[in-house]
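Straight from TrEMBL, the features:
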- 20-38: transmembrane segment (TRANSMEM)
- 50-69: transmembrane segment (TRANSMEM)
- 76-97: transmembrane segment (TRANSMEM)
- 129-149: transmembrane segment (TRANSMEM)
- 155-177: transmembrane segment (TRANSMEM)
- 227-356: domain 'GGDEF' (DOMAIN)
Amino acid sequence: MADHFHHEPLNLTPVMPPTVFRWLLVLAAVSFSAIWSIDVSSGIISSFDAAAYPICVSSFLVTLALSFILKRQLTVLHFVTYATVAGYLISTSAWHHLAENGIFSNSTQWLGLNYVVAYLFLDVRKAGAATIVVFITTLGAHFAALIQHNTLNEALGVVANIAVANIIYMALLWTVLKMRVNGEIIQQKAQAMEEHALFDPLTRIRNRRSLEREMDAADQRWHRKGERYSILIIDIDHFKQINDLHGHMEGDQVLRDFADTLTKQLQSNQFFGRWGGEEFIILSRMDSQKDVFQLAQHLRETVERMQLRQMMKITISIGMSHCEEASNLVQAMTIADHNLYAAKHSGRNKVMDSQAAEALTRIRQEPSPT
Ligand SMILES: Nc1nc2c(ncn2[C@@H]2O[C@H](COP(=O)(O)OP(=O)(O)OP(=O)(O)O)[C@@H](O)[C@H]2O)c(=O)[nH]1
């Protein structure tokens, strides 16, 4: 059970699921084809677009096919898609601004898409850089086209117009993105806080709240589906003496070493946590009561063999209960607690389940042969 604190870095990069990517490629291929056929049927298709549309549509379809083959290289395909869209939109708009091609063109109105698509396909940092490159290229290409047959003032006027519109796109997108990133940070922090609220700060294993949650769930599964569980309450023997002899700090270290040692012995179907003080609980979902008893004995022996600092030695007492012998969780806890008490009072360093506790009582009650 590796249930220790983990501090994962905040991931602010939106991940586009492959299905969304493919859907966008289909959308791109369909919309380019639609605009292509509109331009052809209305007779406004330019020689540039007549060549560019089929190239773009083929590129989207090839990328779509590749997305099924190069599943690990999707980021590269995202970039290729972005480069296709941006490359087309800038070049067509600049081309239509050349005087000899100076027929009516609505291609500039599409330039804003370059910024939207950047944030859609690339991670935040790359998108930021890509939009700046795209912005500069857009202005440069349009200026180069316009200056050939217009005055400097006219060329600058059109370029400034495009620049303002494009800056508005970038600013609005940046604001939306910032709001979304802030929202994500808050959400991830809330998740991290909730995680931390389930761990004990000293031993870094699960805490009482977490144990209660897990035991509740186990008890419900037992009642609904018949999935068995056992409870092991573990108490370190004479722990007060450790504190008294070696100090509270050493006592803390013993608790940490003890928690680490036990964690290493447990498997995924055993849930381990600190109930409070020097008392710990294991919720085990092993089927057989015999196996759980053996596990408890193994843990007791492991703790007995632990090499602690300053030649300290510790032992533990374990009280057990099984779901079958209780009608609810509270009763299961009471039985385990009762058995722990019996383990303590029969000399400590013992594992006690209800059977063992009853046997012990019987022996005690038997009249001694005289
Ligand atoms: N160092 C340290 N000590 C703790 C912590 N929590 C509880 N304790 C100590 O654990 C000791 C528990 O003492 P008792 O309840 O008398 O039990 P015990 O000495 O272990 O004796 P038995 O349980 O009867 O075997 C107390 O001295 C507490 O101060 C902790 O987080 N750190």
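Cβ coordinates are placed from backbone N, Cα and C, and glycine is handled just like the others.
TrEMBL: automatically predicted annotations, no manual curation.
Listed by sequence, the residues of this chain that lie at least six past the ends of the transmembrane segment (76-97) yet keep a Cβ under 8 A from its Cβ atoms are 16, 21, 24-25, 28, 46, 48-49, 52, 56, 59-60, 63, 66-67, 70, 103, 105, 107-108, 110-111, 113-114, 117-118, 121-122, 126, 130, 134, 137-138, 141-142, 144-146, 158. Mapped onto DSSP classes, the domain 'GGDEF' (227-356) shows 68 helix, 29 strand, 33 coil.
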